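Inspection log for the structure reproduced underneath, given as structure tokens.
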Amino acid sequence: MHSLKRRRNHAPDWQDFYKNGVPQEVIVIEDSASPRLTPNLPPPFSVHQLQSFVPPQPPSSSSPSTTGTVAVPINGANAVYPSTNSVSLPQSYDPWLDANGVVPLPHDVASHPSYMVQSPTSYHACSNNQSPFPHSHHPPLHNPLPVSCQPVLRPPPVPQVPSHWYPVSLPSPNLPHQPISKPPVIPNLPKLQVHPNRLPHPIHNHPYSSPTSYPPPLCPATYCPSNPPQLAPATAIAPSSQSSQHKSVNYSVTPSSINNHTAVPLSPTLAVWLPMTQPTFQPPSANVYQPASNANQVITPVSISDYRPPKKRKRAAWPPYKKVDRVNVPVVHDTTAFDPSTFDDDDGHYKVVPNSKFANRYTVVRLLGHGTFGKVIQCYDQSTGRHCAIKVTRAIPKYREASLIELRVLQTIAHSDPTNENKCIQLRDYFDYRKHICIVTDLFGWSVFDFLKNNNYIPFPLKHIQMLSQQLFKSVAFLHSLGLVHTDLKPENVLLVSNASRTIRLPYRNYSQKVLNSCEIRLIDFGSATFEDEYHSSVVSTRHYRAPEIILGLGWSYPCDVWSIGCILVELFTGQALFQTHEDSEHLCMMEKILGPFDRNMISRSSRTSQRFFKSDGKVRYPLSNTPKKSINYLQSLQTLEQIFAVSSPEVALLLDLLKKVFVYDPKRRITAKEALWHPFFTQPISSNL
């Protein structure tokens, strides 16, 4: 079965199309650029000159159809009936550039069928005035009609033309040129003259000031030839000579005559026709760009010597980090012939001997500290003449791998912050000596915990808490910007640059107290630091400073460091650790006692082993059957966070508000380290050090 194809065997019934009047609204779709015309293709618009306007006659049986082409604008403008018998069509025309940059090529109009030829119509400013949107102006569209069809048209509306000059694009090179030094001859173009009493708004301030826009609608106006203002030389493209006026046609609806000129298409896509006076124009000078909205303004060409490159964008405070992939540790050979067992103990720790040589460059002074990772010793550098701290890891493969990770972190920090503005420990040297990876750093004073312990666990002054916490938040925010999570923040890993202090005795206290002279700190111990995009172990952080999401098995990220800072601040304020426990259920019960109940949604998302810590009502299942009485009594004696900071002081109230934003169970809703730096607690001046 053959599919039926719709064919147009006869001309469309335009009388039936216009039986309800002219369409009230026109939707115009304009392409970004008109297609290039070729000599083999017909032009999308008419190329013959615009003749005198003749009001259309209503259709009747006594009026035969004309032999010329009929172009009917769908917006109700006048139809044009040029006759080939009275007017000779030109075989070619001067090429023009339209608004889209299309160069129509010369062609033979007579070679095309009569129904393909369109006739331009005059521009009507009140086109599409039947639209329900009074400020929507579109140029009239022209549809070709067969010669035998007589459209039904309304009386012609009041024609208007724009009152300003329309810019014309660059013509083809074969047109006659006029010297730039010679002032252009300005023709008499039709100018819009509106009675001031009937103008809805000042014409010089109306929004339709661009060359492709139109005057306001519904404005009765009168056409009359007038002289436009004189333009500066080489400003706009002007006609080389004036054109002879065509015969004017007197309309009954207009009080004066209308001068019709030749029409030049501005856009073939929209079929917009603008009245012009000459088919030839003078090209502009070289290197002069004339925008459509400012075609009458002189634009000075820019020379190469006047060019100035744009300013470079300022680098951000914390630029995107470049992670160090792997560190190649140089090996320092041992010159002695002793057995390696004489330097290490059974656990792989290095035996520290004061006044002994170390790595052929350093002299051991004393032991500073030790831990599961290894030992920290104070040495004298014979090359620089300064004391330094050397972290000597255990000669066990897993600790060696951990030290390589720490070296990667320290090198990443050093590359991102060479001036050490963010108070992190700086890497000075590293090497492999006797199967121990050694990390050399500057020598600092006590840790915050050591100073607190040496001060009989007396709380720090509020002013010092403000200074210490601000530096700590800044260091952690810097690490987070590098994609690093410290995971082991505690007072032991916060070093004082100098532990110099003074002892004071307050009259209302029975004991003396040490007060630091300087609160400058350095953040240390990056052995557990983890890049955000790398493997995360299930359990991190020291027990007292561990975040709840780690205990519940929900995974961890940057917020776990913020929780640890909150625990440090409470310890600086009270002198005691906030969560003194070593068991998960007791730890969760302490959080519930001090900070409030857990979120039911967070409990449901926790691991199956962690859900056994809670009852069906969402409370922590504690005490257990094997819980000692001492632990139960201690937990019952705990105070809430508001009771701990129940001091009538605005500074303490601000610190409490900051801690409430830190101790949020949901890590997504917890304040970040960068946001904490903007908290009012750090901008509040605290006068007294005590």
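The backbone N, Cα and C atoms fix where each Cβ goes, and this holds for glycine too.
Of the residues LYS351, LYS391, Swiss-Prot places LYS391 in the same ATP site as LEU368, GLY369, HIS370, GLY371, THR372, PHE373, GLY374, LYS375, VAL376. Annotation for THR372 (ATP binding site): no spatial neighbours, criterion Cβ-Cβ under 8 Å with sequence separation of six or more. VAL376 (ATP binding site): 20 other CB atoms within 10 A of its CB, across all protein chains. Between the alpha carbons (Cα) of ASP488 (active site, proton acceptor) and LEU368 (ATP binding site) lies a span of roughly 20 Å. Excluding LEU368, GLY369, HIS370, GLY371, THR372, PHE373, GLY374, LYS375, VAL376, LYS391, which define the ATP site, the same chain contributes VAL392 within 8 Å (Cβ to the Cβ centroid), listed in sequence order. In this entry, LEU368, GLY369, HIS370, GLY371, THR372, PHE373, GLY374, LYS375, VAL376, LYS391 make up the residues listed for ATP, with the farthest two CA atoms of the set 14 Å from each other. For the binding-site residues HIS370, GLY374, the ranking by surrounding Cβ atoms (within 10 Å, all protein chains) places GLY374 first. Around ASP488 (active site, proton acceptor), a 10 Å sphere centred on its CB holds 19 further CB atoms from the protein chains shown. Shown in sequence order, VAL376, ILE377, GLN378, ALA389 are the residues of the chain, 6+ apart in sequence, with a C-beta less than 8 angstroms from the C-beta of LEU368 (ATP binding site).
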